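In Swiss-Prot this protein carries:
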type	residues	note
ACT_SITE	350	active site, proton acceptor
BINDING	6-9, 20, 68, 73-74, 95-97, 134, 146, 161, 215, 320, 338, 353, 364	UDP-N-acetyl-alpha-D-glucosamine binding site
BINDING	97, 215	Mg(2+) binding site
BINDING	367, 373, 374, 392, 410, 427	acetyl-CoA binding site
REGION	1-217	region 'Pyrophosphorylase'
REGION	218-238	region 'Linker'
REGION	239-450	region 'N-acetyltransferase'
């Protein structure tokens, strides 16, 4: 089965300079959610129109693109891509602004289409308030009557047309050009193709959210809120403790182990995996990261990092791309890491920057330590081997290596390698000038200024 995604609309109600279908839901353009689902069934094509150059940038290379130069209705959009369809194909019609249509529902639709050998199979739904939707009328044959054309009796029908169809390729090719624009909008509607056949079947979905389209920013926010609630409830049913599901933001592809506790105002995004018995949050953001078991992350930001078991992070830490923390590592308040690996049982608990650093096991990084990794043109590495002790307020000027069991004294600026089992002191000798303040009258003058 092939899929054609219609995404040429103007999206005026979004009141945006960007096309509607590239607005993001869960940090991904909404059209990409549709494309990913459609790829489960075979080849995919999209019909673009309004500002297509911007939409084209987010379309995968293996998806064919067709242009609808004028937006003259859904049937006209399909006409624009008719060469994508062969007579032996079944064509699934989807929409770029209906992002959460599920694979399971489309699989049922495909199964019914093949089983019934219908010319057209329609996905329908039941709405308590169907106002605005075309109604499915069953009076010996299946028809769609638009809301504006419906009698009071027809308006009582709650089964609606979602606009999602599977159509036989040969039937579509033979009849698409027969559709006329005899309506007030002077547009060509794909629903009119049903006039040319009685061989129609239907499948109904009870999940209204999966067939909900996005027309404005309020609908975008409301739909995302509903989907987030479902995501959180699914995780809770799988054994995750979420204290306040209304204040936790988790993307659909995130995986979280049992007995992990999520505090409010936590954002977990992208292809993130979190193990069991973790404590995450509050006020924490984790993106595209892999986290082991029994990890605590408190009021911190983690991006594209790997954290092994029994690690503690935060509060107010930032793990940037390329960070790897081995088992039992402790990263404390106001510590930042980037492209660095930190070995087992090592600690950096206060006011530290570690960039392009490789740190061994059982290393202690003193408060105020900085790896000076950038010379204005090039990044340089720092190596700290097992059991080293880095004193407080150290500047490690890369490239530099601290050997096993070595110690650097507090306040040092380390510019050369430190051998194993050595103590490095790189600071000026302290000089105390006795009674200097009294001789200069400094203290008296200072007091007079108060």
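Cβ atoms are placed via backbone N, Cα and C, with glycine included.
In this structure, the C-alpha atom of residue 367 (acetyl-CoA binding site) lies 51 angstrom from that of residue 96 (UDP-N-acetyl-alpha-D-glucosamine binding site). Proximity to residue 410 (acetyl-CoA binding site), defined by a C-alpha to C-alpha distance within 10 angstroms, is shown by none of the binding-site residues 6, 9, 96, 215, 320. The binding residues for acetyl-CoA are recorded as 367, 373, 374, 392, 410, 427; their greatest pairwise CA distance is 22 Å. Cα separation, the residue listed as 'active site, proton acceptor' to residue 392 (acetyl-CoA binding site), rounded: 9 Å. Within 10 Å (C-alpha to C-alpha) of residue 9 (UDP-N-acetyl-alpha-D-glucosamine binding site) lie the following binding-site residues from 97, 373, 392, 427: 97. If you take every residue in the region 'Pyrophosphorylase' (1-217) and average the pLDDT, you get 95. Cβ-based crowding with a 10 Å cutoff singles out 96 as the top-ranked of the binding-site residues 9, 96. Less than 8 angstroms from the CB of residue 73 (UDP-N-acetyl-alpha-D-glucosamine binding site) sit 181, 185, 187, 188, 189, 190, each of them six or more residues away in the same chain.
Taking each of the binding-site residues 97, 146 in turn and counting other Cβ atoms within 10 Å of its Cβ gives the largest count for 97. Just so you know, of the binding-site residues 367, 410, the Cβ with the fewest other Cβ atoms around it within 10 Å is the one at 410.
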